[in-house]
């Protein structure tokens, strides 16, 4: 019971002036109880630390052998004089051509094997985020009024959505397709394909223009869209629209949630490692109209309030000469999957309600299972990105916990992830999730600003949200050469994934088609946290 209470938080909510009833004309308040993320950085599972140190373990032979060779070489050199060293290096070998050639042959072979086995660097040339037209903007009040006029919701469902929107962190300029607020059925293949064509082609047109490449130059295409998966696939739709080449390696990822954008990057990276001198395009999106829920189930109404139109497209390259024009270099990708646990698997679940309306059901366990997945992911990522001093302190307290336990391990050392990254792009899922992440990771308001502002301006655009956040950082001219950017996303399954980029140059001026350009002077907005 105590553990359950620790996951709950209370908040007094001002519901405004009562318009009717015995309390008409007076202020009314309510107490809201909600679940919070567990304090996941206060407990660490050793097996996930081992995953993070896998790189060091796999290279242990080199770490053990090199010091021994250095010691042996130092002892050998220290036992002879300078004259004898010169004699051994020159006088005794100058006539031994075979030994000299053998030495250089081994050297060249060793260096060649090293560079051939070393993974090729993957560069992010540029990316594009689609901004819908202004006629698709909707305020929170318009959202409720249009939902009422559509005739799809009863009054109780409308009031529930109003309460969610008031505390969602979403602003009054997000975008939704017009058809969702009409009286017609919007969950059709026709409407899904129409929305997909609008957002995907809009993002790709901008990407090809910015990067000055032809669609036929692309050798690898990866598309991720979780809930809309037509036949032929969305990747086939893109190939057909742009008349891409016949030997393109195309992939379509479906049903993988809001973190699928990083999964798509991981797949594109693997394909680039296996196919040299190539371009890869990654498209991340979600269809709002096709997944609109018109029923009464409150847990299935929540996605209506958060999900909005959006799409992002990125161009990756493994060509070394693209280093000069690339913006970022891919450093790390860490993926965590908790699907083996039943609660995690069903925390975000697509199904029909009693009226046979299809929708996403959000479990009350979502915050708890999400916190567990986040803890696993950042624990695995830590050894790859944290400074040595932080790793040493972290590992020392962890070892003390394993050896002594008890009071010695009551308060473990919490690594400061702000020392590992200059910028944070956390998936803009909801205000409550961002609040808890900021508290757990001890991030400053400026660290979490890109996520909060993206949620306010564009809503939850699913897997593309982390790219709108990076576009915000570029528009504010905060990205400098050498900066490290952490993109963190989570979604159904339950999955939590991280990708780390390193900036190769300073982004001096936002491009003319940056999605933030028309409203940049108004951000950041003041928000009640």
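Backbone N, Cα and C atoms are what each Cβ position is placed from, and that goes for glycine too.
Per TrEMBL, the features are:
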TRANSMEM  53-74  transmembrane segment
TRANSMEM  95-116  transmembrane segment
DOMAIN    114-402  domain 'FAE'
ACT_SITE  258  active site
ACT_SITE  337  active site
DOMAIN    422-502  domain 'Beta-ketoacyl-[acyl-carrier-protein] synthase III C-terminal'
ACT_SITE  423  active site
ACT_SITE  427  active site
ACT_SITE  456  active site
ACT_SITE  460  active site
Top Cα neighbour of residue 258 (active site) in the set of active-site residues 337, 423, 460: 460
Nearest-integer angstrom distance between the alpha carbons (Cα) of residue 423 (active site) and residue 456 (active site): 19
Local confidence of the domain 'FAE' (114-402) - pLDDT mean: 92
From active-site residues 337, 456, 460, the one whose Cα lies nearest residue 427 (active site): 460
Helix, strand and coil totals (DSSP H, G, I; E, B; other) for the domain 'Beta-ketoacyl-[acyl-carrier-protein] synthase III C-terminal' (422-502): 39 helix, 21 strand, 21 coil
337, 427, 456 as active-site residues, winner by CB count within 10 A: 427
Cα distance (Å, whole number) from residue 460 (active site) to residue 337 (active site): 21
Lowest local Cβ density among 258, 423, which the record lists as active-site residues, within 10 Å: 423
Spatial neighbours of residue 460 (active site) that are distant in sequence (at least 6 apart) but have CB under 8 A: 258, 306, 307, 308, 428, 429, 430
